[in-house]
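Since the structure comes first, as structure tokens, the remarks are kept for the end.
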Ligand code: HEC
Ligand code: HEC
């Protein structure tokens with residue numbers, strides 16, 4: 001018995017030693033890992049701290065000092081937990097935020113923050129709750145997109161976007177003094193961010209609705225649309241056949257009336 005026990009203890013002890021070694025290694029790596037992470041994170045946590053400070057000064061009056069939303073100020077900023085870095089980059093980078101005065105919809109004004117400051121504000125708001133991240137350049141760069149993709153982007157645009165933004169992306173009015181803006185000067189980044197964050201009345205087009213390659217096709221289509229040379233003649237803002245017909249009518253009939261008045265006045269003088 002004792003012989004057997006000794007024989008059995010031996011491999012058991014070895015297994016125990018192995019387990020102990022694994023445990024020590026595991027403990028060491030968990031001890032080391034946060035150390036490594038925090039040293040790699042110092043840039044980011046510094047950025048978050050910088051963003052928090054900028055936020056307190058420029059945004060807290062409406063959004064609450066911790067982005068919890070404000071109900072006491074005259075302009076009630078919504079809570080920002082979960083809107084994501086992409087929403088901050090879109091809102092601040094397009095000049096909508098910080099809002100200056102009450103309005104049905106934040107108007108676009110010159111951008112008030114540097115790129116680094118916007119990144120810091122975005123990093124801070126991203127810590128408030130999970131939300132869409134700022135897309136990477138390869139997600140919205142359209143270099144090398146094929147003509148077929150551009151055509152597909154046009155179809156996707158007409159199905160998903162033209163109801164508000166018009167067939168040529170010229171924009172249009174919405175109820176309640178709101179409007180869908182023209183997309184002529186929107187950057188690729190802002191088109192992508194608008195789709196993933198859905199500002200104001202705009203729906204969110206997540207990746208189940210429009211896959212990343214669909215979003216890229218739409219961006220490529222808009223770029224193509226807005227770089228197309230004018231076909232000649234006045235495009236009247238691309239507002240479509242109704243307004244163009246109305247314009248022709250006003251000029252045509254207006255011209256005839258003016259001509260008639262002119263003839264009549266001649267007639268009077270000849271008497
Ligand atoms: C004067 C008040 C005011 C200030 C200052 C202000 N905001 Fe806003 N913000 C609003 C209002 C009101 C809305 C919602 C209206 C809209 O979307 O047009 C809004 C919307 C937003 C949104 C969109 C939220 C969403 O649901 O997607 C973000 C992001 C945002 N603000 C960030 C900021 C940041 C960052 C700053 C500071 C640089 C800032 N705001 C300063 C009033 C303000
Ligand atoms: C229900 C109406 C609606 C639909 C559908 C819609 N949008 Fe919008 N979109 C809006 C509104 C409203 C705004 C302005 C939000 C604001 O000012 O806060 C906007 C803003 C934008 C902007 C920002 C423009 C700028 O200032 O640079 C882009 C880009 C955009 N939309 C693209 C799209 C694309 C692409 C689609 C289709 C996939 C789409 N939108 C579908 C209503 C809509």
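Each residue, glycine too, has its Cβ placed from N, Cα and C.
Summarising the annotation, TrEMBL assigns domain 'Cytochrome c' to 46-129 (among others). When pLDDT is averaged over the domain 'Cytochrome c' (46-129), the result is 93.
Counted within 10 Å of its Cβ, the other Cβ atoms near residue 59 (heme c 1 binding site) come to 25, all protein chains included. For 59, 62, 63, the entry in TrEMBL reads heme c 1 binding site.
Annotation source TrEMBL lists domain 'Cytochrome c' at 148-226 (among others).
What TrEMBL records for 161, 164, 165 is heme c 2 binding site. DSSP assigns residue 161 (heme c 2 binding site) to coil, not to a helix or a strand.
What TrEMBL records for 246-265 is transmembrane segment.
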Ask   = Considering the binding-site residues 63, 165, which residue's Cβ sits among the greatest number of other Cβ atoms within 10 Å?
value = 63
Task = Look at the binding-site residues 62, 161, 164 and tell me which residue has the greatest number of other C-beta atoms within 10 angstroms of its C-beta.
result = 161
Query = At the Cα level, what's the spacing in Å between residue 62 (heme c 1 binding site) and residue 164 (heme c 2 binding site), rounded?
reply = 28
Query = Measuring Cα to Cα, how many angstrom lie between residue 161 (heme c 2 binding site) and residue 63 (heme c 1 binding site)?
reply = 29
Message = Any of the binding-site residues 59, 62, 63, 161, 164 with a C-beta atom under 6 A from ligand 2? Give them in order, or none.
response = 161, 164
